[in-house]
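The structure appears below as structure tokens.
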């Protein structure tokens, strides 16, 4: 990234400086050659295309190269090799003559100032290993004899791996008896008959050469003694053979000729392998020990059934004598190994290159360690030092010192340390240079850091003699001073705890005796990145979801480099690493579902930008239910108590709030555990109060904020002795009884309350307050039937619990009543006061208390409509019931039909039931106002006239005297004009023509039906007159707005008028083809119209229906013949989905008047809905049935039961006219 011309060097707080004592000389300064790259041991593998021997060097002037091979000059002009330009590297093509180049090479890089020399580079040309062609004689031995199968693998490039297999490449099994040595020979301690085979093959693998070679197969025959004498049994022969062959151990490895001891040399750091193998019968066992010490623990292993001792990473302390001992029951033998640890040379003080100024002094040290001790040789420019000494040099085997150095003293010194295990070489450059400072850092470099961090401004330089470095701000022109500033040896300026004021340009000055140089650096300070993890230290219940959010804020310049990462306990999360998706990382959000205890830990969110990094942590605690309590123990055992003690389980990071102690011992429900008590969480012991005659067992449940633990293991049993009952039965009561009978019931004692065997109940009773003896009866169940001489008489009753050990406490008396009977007399109706056309007040005389024969619950009014005073029709008896609780002598009867005759009776009722009814009382309701007309339509409009038609109200509620027609002008602003009234005194006329209207004007019409009691609610309609010159038209009204969603009724209430609309499917404006008003005729048609069949509109309606039916049948026939879809429709009609059918029923035939809008100054409650008007006097206002209790300042409380006598006809109630219509 760049901020300007030269680029931006980013400084981080984790920046580490490494300063070397050797000074890097710029190549622009003259210097001796330095070898910067060279080959190590090079192996000519036959599958490689060529072999490259490298030698690269730098220097000023540019070096030239020369090679030696086996300490003789090597000619680089040989046509068989390829030399790289400006380099000492050359290639040897793999063209069949490479064995000529095998040897040890050394590279020399030289210029006029000196000669650098490389270490020896060995070029190895390995031979292809082969087993010699030989004829191997078969081997024949007797069972029990030892034998060795030699391998003698060919020499080749290490490492070498040896395997013994058969011709089918199956490994020869090795065990305590059979062993392969490090050299590859196969040893048998004693052969068995199964060892006979003719395909023992030794395979030698050379993995670096990708070569495996095989020795010719060997045949081994083992002669068994059991076949030598057929007259003897095999068991006898085998036993005899074993007794002959049994022998004490004899070492085969190391071989006998090595004697009882041998010496082994191992290099420090290598792995020591010592092996011992002994023949004998039985097979000897091998053991190892170190004489005068212990085997190194942790680094020694015994392999191959103890035959090999392996010590890894050998050190000098592993030197000494090791002994292997082979033993069987006949004897033992041993061999001692004297282990010598040696080491190739290694530097302890390696000579270092140095830059010196004229007249200075110096010293070169060269020390090395090794075993045997290395010899040190010094060279100058590749030649022995004693042949090319410099004047003034003083040298010894380990150091060279020089004084008053001059430029002509520049040279390359070599120190070589060697012993029998190798040679090491070090070049040390002595450059005598005098030059003014050279600053190697680019001028005008740009640097950036964040507030609070350290900034590093570089000023790398080379100077000889030594130079002084100083820094200053460009605009201040004075050296920087203070603890926050530090100049490193390489010239870098470190500014600690930077602030915004540190931004700006800085100058680096480097000065020595030869002159001074300067560069400028620019520093930019950015805002530090901030980070916060939320929530802090959450506590999450197990199996819940953990959600962590990492909110970060960084400098806008650094936003593009911002990277967020999550870790737990120092280990980073891979994004969405879990296979089940349980852990999801979405940018700053970390979500872990179904958390477990393993998810607990410290979660860290880290933000890394190009300039800084910051982290914030939160400690997540996973909560779980406690572990069950443990080690339940019972003590302090008493008849009525015992102490229970337990140990708390792990609370899983949530403090235990309480313990629940449960018991089992209920004889009626064995195995059922019940709660006995609760104990605070800090307690782990409790004294339990117990009931008698129970064999207790306890368990404890721990509770914390997460939930309950599993129950603990049950405690030992504790049995309490029996005792007399501690309590008597409760809830003594009388069940519904027959007259002069008491069925006394009570709650029986539970099993845990019986306290002993033989539980019974002693029941005593007597008339309340009577000076007579208590009657008594003892029962085993919890009910008793007692006959009494009187109806509904009070009795004192007691029930006491008794068992074999005694009686319970003295019982308390309760007052119970004997069985009730029905009231035997009826109230007398005093009168019925008519309040209005739908509400009356009934008053009656109460019955005497002794005629109630029980507890009086109230009075009931029954009434039914007998006939309508409007048409004289008689009604079937349909009884309505209204109940009034308590002792009272009047009640209000609501929701009556106006202008009708009713019969009414009153009766009393108690808990047993209802008494006889009073004599029916006959009363009539007066006329009332009618309901609103069934519909109102504008059927014809002109420029100044409009014709309206309407239907009779559903309920007339009296003799119809006429209609009140009102109309007024309305406009789009909903302002209303003057309201005009027209009284229509002809009740039979269903239409009216209005004249003298304004043209092109919108009107709203209101129509009310009237009786002698007044006019009812209005129905409304809107319409507009035509403009000048328009042709008079008949308006097709949109009819009545049937918004109530109901299914078609079977028969409409007689006398109601309804609109029938016949619609065509896909009719664009949804207007009806035909609509008119018809009257529903029930089975009790009142005969308002004498001969409807003579009406023209009725004949037209019937014709239209017939025509439409024919059209519909034709359409259905055509659709059926087209096939495919109509059959599905038929199935839908046969088996309709209830929800779909409901939608169809709701939408069929749906239409509305012009939308009702709130009009300023309009009459209230001018509603056009066809829904029947509910009576102002509702049963709910007066009754106390399912709808609840009501009161009128204490004047009455009524109960409306809504029941009807058996055999009565269901009343239709109020309904809304719907289509279709059924006659």
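Going from the start of the chain as shown, residues are counted 1 onward.
Note that Cβ sites are derived from N, Cα and C of the backbone, with glycine treated the same way.
Source: prediction; values computed, not measured.
Per TrEMBL, the stretch carrying the note region 'Disordered' among 682-706, 707-731, 732-756, 757-781 is 707-731.
Looking at the stretches 1053-1074, 1075-1096, 1097-1118, the one that TrEMBL records under the feature transmembrane segment is 1097-1118. When TrEMBL is compared with the stretches 225-246, 247-268, 269-290, the one noted as region 'Disordered' is 225-246.
Spatially, the domain 'Ig-like' (33-122) is not adjacent to the domain 'Fibronectin type-III' (823-928); fewer than three Cβ-Cβ distances between them are under 8 Å for residues at least 6 apart in sequence. Across the domain 'Fibronectin type-III' (728-821), mean pLDDT in this model comes to 91. Below 8 A, the CB atoms of the domain 'Ig-like' (249-342) and the domain 'Ig-like' (126-221) form 3+ pairs separated by six or more positions in the chain. For the domain 'Ig-like' (345-431), the neighbouring stretch richest in Cβ pairs under 8 Å, chosen from 437-524, 529-621, 628-723, 728-821, 932-1029, is 437-524.
Counting residues per DSSP class in helix, strand and coil order gives 0 helix, 50 strand, 48 coil for the domain 'Fibronectin type-III' (932-1029).
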